[in-house]
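S.K.: Reproduced below are the annotations present in Swiss-Prot:
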BINDING   R77, L115, E176  substrate binding site
Amino acid sequence: MSKRIRFDGAQAGWRATPRPGCTLDQRDWLTRGGSLTAHLARLGSVSVRVTREAVDCPWFDEPDALDSAPRAPMWVREVILSVDGTPYVAAHSIAPLAASKGGWQAMRRLRTRPLAELLYSDPQVERSALVSRRVIAGHPLYALASHALQGARAPHAFVARRSVFQRHGTPLMVTECMLPALWRHLDAHGDGPRGAA
């Protein structure tokens, strides 16, 4: 894999291995390769709701991993992945604006189709190692995940993972924040659909 996510002081919360204190399910889902959408599909019927698509600046901990300037314009896509109608993951994808009109232009036309359709069907796409972190209030991802709960009380912390995809040398970063309903499902039903465990 050619692209490595780099770390500096602002990115200290992102780790190559999950933090101590993560449950076994959390460690598993934070480090699973392949398509998260495909993994969720084993639990039930997956739907994608787009909550935002816009040109915006990157979050404070994103530019270094994308080799970009702190205020460089980016194309941002935010979605909620639900299983059987219940939100399980809040996802934030970001690519340099030029890349969203070039190598990653198809991400602008996905609508409610999962980004995984682009990332795992093209042999020219490479993926970095996954990194993960605990997300608490103050990080923009916490606000995104809390909003996805649709009024339910947010936990003190979420866990999230992140990786960079490259296509023809242009980056696209995907950050996926797991929501409490995912962990409740795994506790009750294991790694399969409701009623299977």
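Backbone N, Cα and C define each Cβ position, glycine as well.
The model shown is predicted, which means the values in this text are computed figures rather than measured ones.
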S.K.: Would you mind listing, in sequence order, the residues at least six apart from E176 (substrate binding site) in the same chain with a Cβ closer than 8 Å to its Cβ?
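M.R.: For E176 (substrate binding site), the qualifying residues are L36, V89, A90, A91, A160, R161, R162.
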S.K.: Validating a neighbour-count step here. Other CB atoms within 10 A of the CB of R77 (substrate binding site): how many?
M.R.: 21
S.K.: Validating a neighbour-count step here. Other CB atoms within 10 A of the CB of L115 (substrate binding site): how many?
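M.R.: Excluding its own Cβ, L115 (substrate binding site) sees 23 Cβ atoms within 10 Å.
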S.K.: Using DSSP and three states only, what is E176 (substrate binding site)?
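M.R.: The residue in question, E176 (substrate binding site), is strand (DSSP, three-state).
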